Amino acid sequence: MLPIRWFLALLAVFLAVAGLDLWFSQTGARPSSATGEERLDGAAFLAAANAGELREGHIVYRANSTGLADLHAQRKGAAGAGATHVRATARLTDAEVTALRTQHFAEDDPVSYAAARAVSARERTASIVHAIVHPLGLITLIVGILFVVQRYAGRFTAFSAQRLRPVTSGVSFSSVAGCDEAKDEVYEVVEFLRDPARFRQTGGRMPKGVLLVGPPGTGKTMLAKAVAGEARANFYSLSGSDFVELYVGVGASRVRSLFKKARETAPSIIFIDEIDAIGRQRSAAESGGAQQEHDQTLNALLVAMDGFDSDDAVVVFGATNRPDTMDRALLRPGRFDRQVSVGLPDLRGRLAILQVHAGSVKLDPSVDLQEIAKATPGFSGADLANLLNEGAIHAARHRRATILHSDLDEARDKINWGRETRRVMTVQDKAVIAYHEAGHALMQVLSGEDVVRVQKVTIIPRGRSLGSTHFTPERDLFNYSQPQLIAKLRCLMAGRVAEEIALGSITSGASGDIQEATKTARQMVLEWGMSPLGFMALSRPDGDEPLASPQTFHEAERHVRALLDENYAATTRALTTHRAALDAIADELIRCETILGNDVRRIAAQHPPSALAG
């Protein structure tokens with residue numbers, strides 16, 4: 001590489017010469033093209049002048065010398081590049097002076113002509129400077145470009161030494177919770193890296209790659225770190241986007257350098273997060289530099305995974321939440337042999353994750369993590385960690401030394417529905433929201449479904465929601481029975497029905513309930529066979545064109561409409577019969593703004609149904 005001091009020296013020379021050139025330009029000098037000079041005797045000069053061969057002539061009389069003068073001119077045929085300056089010294093007669101005047105020779109005294117000759121000398125110097133500056137500037141520019149390219153080329157090709165420095169993972173399987181099945185599947189990799197001879201004895205071959213598939217935040221990165229930590233292997237962690245650059249060939253170069261380094265430091269674990277950034281399916285329809293760079297990077301990855309065997313003690317872990325976009329060549333045996341699903345944790349998994357993260361925060365002894373786990377279905381490991389962190393922040397904001405159950409409830413509501421917003425609402429607005437939420441809560445209690453229970457009802461706005469009813473499943477639900485789906489439909493309809501019964505009008509607040517109820521009813525009829533049409537799939541799960549004929553599909557739509565109408569009528573009858581309980585729950589909400597599920601069940605028990613059951 002070119003030393004930087006050489007580059008700086010050349011740059012200084014360039015700037016100095018450029019400054020000199022600028023000075024000549026500012027003083028008004030113009031480069032002269034005169035490159036030769038011809039010396040004649042007086043007679044020859046006068047003959048050339050009388051013949052009209054000279055131009056721009058000057059007669060410079062010498063001081064204290066009668067008639068003696070220096071004669072200067074240029075030959076007319078030498079204009080432009082290579083012009084010749086003609087000089088002579090002669091003692092002129094009056095007739096000769098008159099003849100030169102006829103040829104437009106100027107008469108100067110020695111002082112004025114000396115100044116003119118100084119300007120001419122400066123012009124010649126400026127010409128020389130220009131002849132030097134231009135090639136020197138070009139050379140300096142080329143050298144500078146080479147210096148920058150040599151110095152920074154590594155940033156656009158292979159990974160830097162810092163990026164390829166392996167780390168020793170301090171994570172163990174005890175730090176990873178909520179994915180026991182996934183841990184069991186990848187534990188074979190740990191055993192192989194610890195004792196590869198045992199597998200070679202049976203002729204077995206360990207997978208070269210393991211693809212971790214699951215939604216974001218489920219612990220895929222932690223699982224890969226745990227494998228490296230348990231196997232005492234070097235850990236290389238990169239993202240798929242780290243291989244993507246503007247210039248074609250950069251990604252492939254980085255893949256090769258990564259695998260070369262991993263082999264040198266084996267046993268090694270290479271973890272590529274969001275691997276779909278470089279592993280997505282190739283397409284012949286797409287073209288251009290970006291597609292060419294992607295294809296070259298993917299090809300380099302395929303070749304690299306083919307280029308090592310089990311003896312290299314290098315295993316590649318990839319993580320993605322879009323396995324359907326992966327190129328099939330990358331998923332074939334011999335590359336990513338195994339796919340491990342890392343899904344959202346179940347109730348037991350959520351409890352285990354909460355117990356792991358609870359060690360880093362100060363929970364009050366009254367906090368029941370089992371209840372928190374029940375109240376957080378659908379939460380990932382990252383969501384649960386964030387829940388405890390938000391609870392700690394909420395407790396600190398209220399100057400408490402420990403985290404209470406109410407802090408975690410507030411944190412969960414904030415994560416699910418947004419921050420609490422205190423809006424100024426009229427009495428009428430509060431009544432509408434209170435009856436709407438009271439209808440949801442009461443209908444869930446009346447359904448008799450004990451798997452999902454009302455946990456809390458509030459009319460305090462959060463995010464876009466003006467109020468909400470929170471439900472807690474007693475256990476994880478993996479499928480739904482038809483009675484459970486009917487109960488869900490009626491609970492969704494109860495908000496609108498309560499408004500209509502109590503206030504005599506309806507509002508736009510039920511738009512989300514209508515969409516969810518319609519979706520559930522359509523799934524019951526079109527996908528799950530819960531209609532008189534029987535055991536028949538009428539639509540695809542992805543929502544594409546229907547599988548049935550237009551006539552059959554039209555009949556199915558009529559069954560969807562009938563299912564909604566029937567349950568809307570049943571919901572109206574139930575809430576009309578329990579109008580007293582509905583009014584009492586709504587009044588309690590208007591007074592307290594938030595009530596617990598136990599309060600809803602208590603009020604419903606205290607207000608038996610009326611005799612108007614018809």
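Heads up, the Cβ atoms here are built off N, Cα and C, so glycines get one too.
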Name the residue, out of Asp346, Asp364, Asp368, Asp513, that Swiss-Prot lists for the same Zn(2+) site as His436, His440, please. Asp513
Nearest by Cα to Gly219 (ATP binding site), of the binding-site residues His436, His440, Asp513, is Asp513
Shell of the Zn(2+) site beyond His436, His440, Asp513, same chain only (C-beta within 8 angstroms of their C-beta centre): Glu437, Gly439, Thr469, Leu492, Ala494, Gly495, Arg496, Ala498, Gly509, Ala510
Consider the recorded positions His436, Glu437, His440, Asp513 and say which one has the Cα lying nearest the Cα of Pro215 (ATP binding site). Asp513
Please list, in sequence order, the residues in the chain of Lys220 (ATP binding site) that are at least six apart in sequence and whose C-beta is under 8 Å away from its C-beta. Leu212, Gly214, Asp273, Ala319, Val342
In this predicted model, what is the average pLDDT of the topological domain 'Periplasmic' (27-127)? 70
State the Cα to Cα distance, in Å, between His436 (Zn(2+) binding site) and Thr221 (ATP binding site), rounded to an integer. 43
Cα of Asp513 (Zn(2+) binding site) to Cα of Glu437 (active site): how many Å, rounded? 12
Long-range Cβ environment of His440 (Zn(2+) binding site), under 8 Å and at least 6 residues apart: Val457, Thr469, Cys491, Leu492, Ala494, Gly495, Ala498
Can you tell which of Glu437, Asp513 has the most other C-beta atoms within 10 Å, given these are the recorded positions? Glu437
